[in-house]
Amino acid sequence: MSEIKKLNLIEASLEEIENIVVNKLDCKKYVASQIFDFIHNKLEFDFDNFTNIKKDIRLKLPEYFEIPSIKCIKILESKDKETKKFLFSLNHKFLVETVLLMHDNRKTLCVSSQVGCALACDFCATGTMKFEKNLTAAEIVMQLYFVQKELRKTNEKVSNLVYMGMGEPFLNYDNVIKSINILNYEKGQNISKRNFTISTSGLAPQIEKLAEDEKQVHLAISLHAATDEVRNIIMPINKRYPLERLKESLIKYQELTKNRVSFEYILIKDFNIDGSAASSLVAFLKSFNAHVNLIPYNIVEGKPYETPSKKEATEFYNTLKRSKINVTLRETKGEDIAAACGQLKIKKEKEDIESNKENI
Ligand code: SF4
């Protein structure tokens, strides 16, 4: 006898749930709304706790529905309490990281969209891992649901989401957009689309597609260098979409959405922070309504790159300011908990290898 394909309750629409509730469970439509509310509002993922649904019906739910779960196996908090990092295990097989940033009374969750990353940016810890899989929309959503449930204990909540964790979100475009739509449900988390930012290494065709599909969603570009010569060294994707092509897509994006574009620029000592790097950046940004975040490099073990001094970072910042660029110099956050994307996963995998060796 073939098994019934269960409906994934994180990704299912209310209508899909209603269809099963009415036609298979022989219940009234409102039971579907109760199930939907347990999942997307009460953030309850155990059928046994769906307490206002009659017990005989509740016992039948697992026959038709499934709730993909992710297990949090580690939570680390930085000394300044502004950064919290969560390590999740998917199907007991894959590890992904999620970072909660708490500053300016705002809680922003940085979610992962892939396990590993194929783009191999040279400064990035995730770039050293092989690409393993795209996260499903449910796996992306569950990162937020877990953290939101934690924050509820102190009457707090995540207000903004950035797709800036592990992976290139535009290489998992459909699931990323689907996750945004789920989190935007009016009867669910109801997070405004304006509070989502997708961060990309610069995939020009998908930038143009986003501008067509989702005009409210914000865009951030991991730029890190404003000449092809330097960018090619640290970001291989630049050979496929050089700066001129990236610029063309961003101009189209701004024409269609009128959104300001954020640029992330990691400051690397003796690499991308001299006067000529600053001039190239100013020239590149001239075409846009832009804001630049300067982020001093967070050391990644095994990489040759170093963090610049505060003085060097400030000089670079001042040059941009003098050229009337909207710019913010960020502090390196959560160094003590390995906050740069991918570092915690690598640390955990190394610990597991070491403990396996000890157990042999
Ligand atoms: S910076 Fe982003 S795109 Fe580049 S390797 Fe790391 S995760 Fe992938």
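Including glycine, each Cβ sits where the backbone N, Cα and C put it.
As recorded in TrEMBL:
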ACT_SITE  Glu97  active site, proton acceptor
ACT_SITE  Cys341  active site, S-methylcysteine intermediate
BINDING   Cys117, Cys121, Cys124  [4Fe-4S] cluster binding site
BINDING   Gly167, Glu168, Ser199, Ser222, Leu223, His224, Asn298  S-adenosyl-L-methionine binding site
DOMAIN    103-336  domain 'Radical SAM core'
(request) Give the subset of the recorded positions Glu97, Glu168, Ser199, Leu223, Asn298 lying near ligand 1, defined as CB under 6 A from any of its atoms. (result) Glu168
(request) Using C-alpha positions only, work out which of the recorded positions Glu97, Cys117, Cys124 is nearest to Glu168 (S-adenosyl-L-methionine binding site). (result) Cys117
(message) For the domain 'Radical SAM core' (103-336), what's the mean pLDDT in this predicted model?
(response) 95
(message) Taking only same-chain residues 6+ apart in sequence, whose CB is under 8 Å from that of Ser199 (S-adenosyl-L-methionine binding site), what do you get?
(response) Val162, Tyr163, Met164, Pro169, Leu219, Ala220, Ile221, Ser222, Glu264
(message) I need the CA-to-CA distance for Cys124 ([4Fe-4S] cluster binding site) versus His224 (S-adenosyl-L-methionine binding site), whole Å please.
(response) 12
(message) I need the nearest neighbour of Cys117 ([4Fe-4S] cluster binding site) among the recorded positions Glu97, Gly167, His224, Asn298, using C-alpha distances.
(response) Gly167
(request) Could you round the CA separation between Gly167 (S-adenosyl-L-methionine binding site) and the residue listed as 'active site, proton acceptor' to a whole angstrom and send it over? (result) 10
